[in-house]
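Here is what Swiss-Prot says about this protein:
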BINDING   Asp43, His45, Asp92  divalent metal cation 1 binding site
BINDING   Asp92, Asn124, His224, His248  divalent metal cation 2 binding site
BINDING   Arg358, Asn394, Arg399, Phe418, Phe504, Asp510  AMP binding site
SIGNAL    1-21  signal peptide
SITE      His125  site 'Transition state stabilizer'
SITE      Asp128  site 'Transition state stabilizer'
Amino acid sequence: MFKITVFIYVLQLILPSKVHSSPVPDSDNGLREFPLSIVHINDFHARFEQTDELGGQCKPTAKCVGGYARLVTTVKKLKEEGQNTIFLNAADNYQGTLWYNLGKWNVTAYFMNLLPADAMTLGNHEFDDKIEGIVPFLEVIKTPIVVANIDDSLEPTFKGKYTKSVVLERGGRKIGIVGVIAQNTDNISSPGKLRFLDEIQSVKNESKRLREEEKVDIVIVLSHIGLDHDYDLAEQAGDYIDAIIGGHSHSFLWTGDNPPGKEKVVDAYPVEIVQTSGKKVLIVQASAFARYVGNITLYFGENNNLIRYAGAPVYLDSDVPEVPQIVEEMKAWEEFVHEKGNEIIAESRVVLSRENCRVSDCNIGNFFTDAYVHEYVTSHTGPYWTPVSVGLMNVGGIRASVDRGNITFSQLITMAPFENTVDTFDLSGKHLLEAFEHAVTVPNRLGFNGQNMLQVSGVKLVYDVTKCEGQRVVSAKIRCQKCDIPKYEPLDPEETYRIVTASFLANGGDGFTMIRDNKKNYKVGRKDYDVLINYAKYSSPITIGEEGRIRIIQ
């Protein structure tokens, strides 16, 4: 039976109906093609075990997909089937499940070393446990680490642990791999005294050096800056680069009908960007959470011009066999994780979904922010009904949906893995309004995507994102705190409001510097998972829905 399953899976990998291919106009007069197969993953986020189709914890009654054992099966098979294959990892291997909370860098390095990549860049989440949490990983990982835009002059422990690029040889040709990380990593993680340099200029400089000094034939950028920024990078990094293997934005790219999973298609696979010189640069990305492995073959002419390409992401559905060695290696870790993770916290009679969190209020966002407010209502002994009536949550901190049924400790950690504290502070209405404006100002060439959206409790917001930045809040109403009967009143820029939120946001994460720089009477609270556990038990069975707290005109 196993042999039959493997045979069917191999057929799925090579059937042309699932492969997108296209010619690229070529000025190369050579007749011989050089194929370069690139197998790639990104944003693994500690999904060692199989998940449900949305990347959350898989329950016995659900359809399970992905997981590291299937990922290894697929990567090995694609490497064997490809031509001059390279395997690239576009970062954010850290953070996302109880596996990481308990095993940290140790478990990540252990399993990544069972399937070393030819190159790996670093992502923002690799710095979530500060410099001390990444240096040990860099010291033991068997994969070359490439990042071109880090200045480590003030972090001596980081020196010598990575390079700007690496040169691989395949079929007699030299392939340069240049790494790049998001320039705002210091705003969204904890990288100590590292400085992050301009992404485009850093890639341009290193790619030029590779072409001129190392005499490489092909340059691939291994990027963890997000699809929007990859568009800009492809346009502006010069004709030194040929393709970008991306991550960070969890973008599912697909060409054609009938994508295999439940992911929303963001753009084509690959995206084609035409530079002003006429050169085409390709961009690929493979969603997130070990549900897909990217697979593309680039065909170059004798003069190293891109002629054509073929490929598509491979979906790791339940038909993909798991590598027995990996399954066996995981058992000891699973026992350790499951002992804590299988504890039942509460019951939910609704799906707690993050799907719409960037474009409206979502019920999981309502659950988070209501939990934050509830934390302080229950311990309050003073006048009025609460010491804090407004709860805020950055959507990037909500990491997974949860299906209806029992909620375990492991699922809750997967929802909120970052171990923030739930803190309170005073903020003027003026700066609160600035925060609401910042939540909808991130540009996106595919249309508004709410990258920095805030989920809220005790707030009613109407946005018009067709208006100019800084003028998009049409209406903002705040639930009163110092009142006998809670009601919503227009936000007053001169009023002072008591706010509760995660420490990440309170300290200016995601660019919310107006909160960091203007908060008063700051008090640190309990860990977020303790707050969420307490509220889940209080609310069980959970029935929260979408309540129209946020409305967006676009």
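Cβ coordinates come from backbone N, Cα and C, glycine included.
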Distance [Cα-Cα, Å, rounded] between Asp128 (site 'Transition state stabilizer') and Phe418 (AMP binding site): 8
Rounded distance in angstrom between the Cα atoms of Asn124 (divalent metal cation 2 binding site) and Asp92 (divalent metal cation 1 binding site): 7
Candidate with sparsest Cβ neighbourhood (10 Å radius) among His224, His248, Arg358, the listed binding-site residues: Arg358
Pairwise CA distance, Asp510 (AMP binding site) versus Asp92 (divalent metal cation 1 binding site), rounded so that it is a whole Å: 17
Other same-chain residues whose Cβ falls within 8 Å of the Cβ centroid of Asp92, Asn124, His224, His248, the recorded divalent metal cation 2 site, in sequence order: Asn42, Asp43, Ala90, Ala91, Leu122, Gly123, His125, Glu126, Ile181, Ala182, Ile225, Gly226, Gly247
Other C-beta atoms that fall within 10 angstroms of the C-beta of His45 (divalent metal cation 1 binding site): 24
Per-residue Cβ crowding (10 Å cut-off), top of recorded positions His125, Arg399: His125
Listed in sequence order, residues not in Asp43, His45, Asp92 with Cβ within 8 Å of the centre of the divalent metal cation 1 site Cβ atoms: Asn42, Phe44, Ala91, Asn93, Tyr94, Gln95, Gly96, Gly123, His125, Gly247, His250, Ala288, Phe289
Per DSSP, three-state class assigned to His224 (divalent metal cation 2 binding site): strand
